[in-house]
Amino acid sequence: MPKAKAGKRPERREGRAGGILFNTGAGQHILKNPLVVNSIIDKAALRRTDVILEVGPGTGNLTVKMLEKVKKVIACEIDPRLVGELQKRVQGTCLANKLEIKVGDVLKTDLPFFDACVANLPYQISSPFVFKLLLHRPFFRCAILMFQREFALRLVAKPGSKLYCRLSINTQLLARVDHLMKVGKNNFKPPPKVESSVVRIEPKNPPPPINFQEWDGLVRIAFVRKNKTLSAAFKSSAVEQLLDHNYRVHCSLHNTEIPENFKIAEKIQTVLKDTGYSEKRARSMDIDDFIRLLHGFNSEGIHFS
């Protein structure tokens, strides 16, 4: 009998720089160009009184420059080897007492208080970290973040563009997002396989008066097939079952009687028609469109959370 083939192991690519073996498969690409480092810091408009959150400081090229300009840097790093390198870099200097290092997975811990976030992020955590930031309280002033180019372009994409997606509209609901600059592969050691971009994110304060769980539930359904009409997108049996359950819970809580011949599919299509969005497609709808649509559903007792 032929031998069974072993399962394919996850890719682990490594590169050596400065005496350290970096795991590039885990997003360890060190920003080496001092001109790019200085440009990022300039765009962050740091203040002497600022507490800065940095995620993935690596060997500290960005960290050290920020320590010279701010009150404190809180650096979150998951790799103990890089923590050691960063500590050695500031040890015995006047910058040492301005640096606090938190070791661990930033996605699994509560964020500390900070005024601004400046980071060359591991690209694998881009999406969950953005929403962790935007839902963080108290509000921070801004975040200057390095992302993979395509991810950055999705963040700033507008209705009608090819890259416009759920990520785009959810981010833009909660923040103002601006693309600041492109950063080529050769500015990193070891160089990544993709091009990068720096983005500025400024949370809206106060935030829009919207239940984000409800909002995201609606947007998720609409963008599963963003090129379909909403009438077609909401005909999914899974969607109808979810909304039927939510509607019955809503009626129970409000002592509202449900007719014997009630069909959630008919009610959904009535809301879409009455709001004027039945033949609209998610790819071309903006924030105001989705707010009106959400209000239309909620006013009829249909909820998404």
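Don't overthink the numbers, they just go from 1 along the chain as shown.
Glycine is no exception: its Cβ is also placed from the backbone N, Cα and C atoms.
Taken from TrEMBL, the feature S-adenosyl-L-methionine binding site applies to HIS29, LEU31, GLY56, GLU77, ASP105, ASN120. What TrEMBL lists as domain 'Ribosomal RNA adenine methylase transferase N-terminal' is 36-205.
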Mean per-residue pLDDT computed across the domain 'Ribosomal RNA adenine methylase transferase N-terminal' (36-205): 97
Greatest inter-residue Cα distance in Å for the S-adenosyl-L-methionine-binding set HIS29, LEU31, GLY56, GLU77, ASP105, ASN120: 21
Tertiary neighbours of LEU31 (S-adenosyl-L-methionine binding site) (same chain, Cβ under 8 Å, six or more apart): VAL37, GLY58, ASN61, LEU62, ASN120, MET146, VAL183, ASN187, PHE188
Among GLU77, ASP105, the most crowded of the binding-site residues [Cβ within 10 Å]: GLU77
